[in-house]
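Enquirer: Below is the structure I would like to discuss, written out as structure tokens.
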Amino acid sequence: MKKIPMLIDGEWVHGDAQTYLDVKNPSTGEVIAQISNASKEHVEEAVRAARVAFEREGWRQWKAYERGQLLIEFAHYIRKHAEEWSLLECRDVGKPLSQARADIEAAARYFEFYGGAADKVMGDTIPIEDGLLNAVVLEPVGITVHIVPWNYPIQITARSVAAAIATGNAVIVKSAEDTPLTTHAIAEWLADKLPKGIFQHITGLGREVGPYLTSHPDINHITFTGSVPTGIAVMKAAAENVVPVTLELGGKSPNIVFADANMEQALEGVVRAIIQNAGQTCSAGARLLIEERIKESFISRLAQRFQVIQVGPGEADMEMGPLLNEQQYTKITALLQQAKVDGYVVTGGEPLTLAGYENGFYVQPTILDGVDPNDPLAQEEIFGPVLTVLTFSTVEEAIALANSTDYGLVAGIWSQNIDTAHYVASRVQAGQVFVNNYGAAGGIQMPFGGYKKSGIGREKGFVALRNYTQMKNIAIRYAPPNQH
Ligand code: TXE
């Protein structure tokens with residue numbers, strides 16, 4: 001069985017063999033690798049190595065454009081090995097191969113985008129008075145910790161790691177226990193290209209290893225993507241040491257379909273937004289808000305479309321793959337069972353057993369209707385291919401429903417009326433709003449993050465570089481030379 005080592009201080013390190021954790025392919029239930037469950041000492045060692053590497057002149061002397069060049073070279077390497085890396089991600093997460101391919105391309109684009117940005121992160125000068133030059137300089141924050149979830153491992157690792165390296169930081173990544181493979185591939189490539197200690201990879205159980213990292217007094221920033229309760233725990237640990245956090249905590253994002261929408265476009269948009277990665281997407285369109293007068297026809301067409309969605313193992317590259325693991329599967333199948341008893345299921349609602357893949361974690365794509373807007377099915381993240389339908393009659397009602405959860409990550413608006421589209425976009429509480437599309441092809445360049453409990457701060461785009469810099473104001477007094 002392949003044992004995935006951690007990368008600590010430039011060395012490949014295995015933990016205690018007694019504590020190895022299995023990594024499974026969700027499509028088959030097969031164990032495909034094992035990882036170490038890092039100890040407190042491993043984390044101490046990684047933080048110590050990162051501090052030494054960050055303070056050392058070597059890394060400081062890398063020119064900004066040299067950091068950028070390395071990241072761009074990495075993007076080329078990823079593209080060259082795209083097929084191999086896609087298979088790795090497909091087996092690790094269970095997602096359909098073409099969705100894994102899109103993730104690999106997105107990762108390459110993050111390295112390329114932030115590589116190109118590395119020497120364009122500029123400070124400022126501020127006019128004060130004659131004889132005083134006031135410069136605002138952006139410096140790296142230092143040791144940045146990146147805690148990555150399992151749903152888009154390579155994309156989420158790439159988006160924050162590329163920005164942190166571009167700005168000259170040291171990076172420690174903790175990959176999710178279920179999905180370490182592509183982060184290990186990143187570590188393999190970066191290991192001998194960067195000074196040791198600048199990029200490190202730690203593996204292990206989040207609830208054990210996570211707190212060692214997040215409560216460490218010598219780290220300088222945490223980027224976390226995951227659930228709200230874990231995000232709160234991360235923030236509390238960071239608060240003890242006054243360490244800043246960037247949090248992306250998911251959502252219950254609405255697709256709001258008005259009667260004047262282009263129906264074909266809206267229908268496909270709504271399907272894709274919840275089916276992608278089997279609904280295990282932070283920005284999934286998990287709620288459909290539909291205008292009353294088109295509800296019947298829209299839902300009936302939507303149900304027909306859901307019934308022909310092909311579900312299968314990642315490598316068969318069908319429209320939808322399995323859920324990630326037994327824990328997610330058990331949670332979601334129990335919830336669907338109850339929804340069935342309560343009479344909410346329009347279509348789907350059942351676990352799926354696929355011949356030859358009996359140990360995979362498959363469920364039917366599901367539509368729920370008749371749910372009270374305050375019901376947990378309409379309020380909480382399910383993180384599966386489950387769409388909850390809510391109905392509105394007026395624009396104001398649509399806005400109130402859209403804003404009726406604790407989340408505020410993304411919203412989709414489907415209307416051909418320019419007034420409706422702009423007005424609703426201005427009133428909806430979400431970090432990203434899409435009009436007559438959903439997701440804008442990944443949006444590497446677009447700020448991404450949440451209102452309300454969907455998080456703090458923004459990732460992606462140029463603005464994310466600010467997460468990894470701190471400002472220093474330098475005021476320089478000067479005088480004519482003959483007055484010295
Ligand atoms: O999340 P956790 P889980 C949501 C989704 C899902 C639910 C549970 O609704 O059903 O969360 O998934 C690490 N300190 N999202 O349990 O716990 C963990 O190892 C520090 C939405 O996987 O948030 C993993 O690397 N780190 C989300 C990461 O945190 C800790 C994506 C996420 O795990 C830790 C994933 C701790 N105490 C789940 N405990 C999104 N926003 O897209 C765990 N971790």
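First residue shown is number 1, and so on along the chain.
Here the Cβ of each residue, glycine as well, is placed from N, Cα and C on the backbone.
Not my notes, these are from TrEMBL:
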- 12-474: domain 'Aldehyde dehydrogenase' (DOMAIN)
- Glu248: active site (ACT_SITE)
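I'm curious about the neighbourhood of these features; can you describe it?
Expert: Across all of the domain 'Aldehyde dehydrogenase' (12-474), the predicted model scores a mean pLDDT of 97.
The DSSP secondary structure for Glu248 (active site) is strand.
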Enquirer: List the residues of the same chain that sit at least 6 positions away from Glu248 (active site) in sequence and have their Cβ under 8 Å from its Cβ, in sequence order, or write 'none'.
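Expert: Long-range Cβ contacts: Phe224, Thr225, Cys282, Leu409, Phe448, Gly449, Gly450, Ser454, Gly455, Glu459.
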